[in-house]
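Novice: Next up is a structure, given as structure tokens.
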């Protein structure tokens, strides 16, 4: 009965700015329960807003937690995973729809194509690299989608401090420092992302990029 109620609530939820959000996160759960709790809360927040999930396709770690939460809540889940990672990142049954791609570049490009915004939960090198690429693509003008950082228990404080250092030392323009939106809770982060408007001047207009070469220009309908 509870599952049916959650699914009905998700279907009935009014559509906001985002139909699908891409979440980058670890294939590990981390050493403290607070990280898993944050993944569950973000999943519940997406469900409450009727937002579908695009993610890295794994069924383990934080990836598995958020994917199962969104799926159980009645919202769509699309996982994008390179064939080479399937043995290590999928344990047992996959969660939701899974699209298999050839490599990491294609994975990021497909996740970006399918999403209206991006959020990074705590994670390792891969999560940080995905986050930084989406920030860079925004700076370059390849996309204008919000990029959010769920700063769970200060996990990303050092990274945010590094961004501030880069701006202070003249390597990151002040307006580009505003590309990243951060908050300690899922509810606050989604609220900020709903209100986000681009304030930086992109390096080049989106129409000037060879999107087919970058693997980014198609809409979900064209994919």
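The backbone N, Cα and C atoms fix where each Cβ goes, glycine too.
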Novice: Under Swiss-Prot, which of the candidate ranges 178-200, 201-223 is annotated region 'Disordered'?
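Specialist: Checking Swiss-Prot against the ranges 178-200, 201-223, the region 'Disordered' one is 201-223.
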Novice: Starting from each candidate's C-beta and looking 10 angstroms out, tell me which of the binding-site residues 127, 136 has the most other C-beta atoms.
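Specialist: Counting every other Cβ within 10 Å of each candidate, the maximum falls on 127.
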Novice: Using a 10 Å radius around each Cβ and counting other Cβ atoms from all shown chains, which of the binding-site residues 108, 125, 129 yields the largest count?
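Specialist: For the binding-site residues 108, 125, 129, the Cβ with the most other Cβ atoms within 10 Å is 108.
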Novice: For residue 136 (substrate binding site), name the DSSP secondary structure in the helix/strand/coil scheme.
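Specialist: In the DSSP reduction, residue 136 (substrate binding site) maps to helix.
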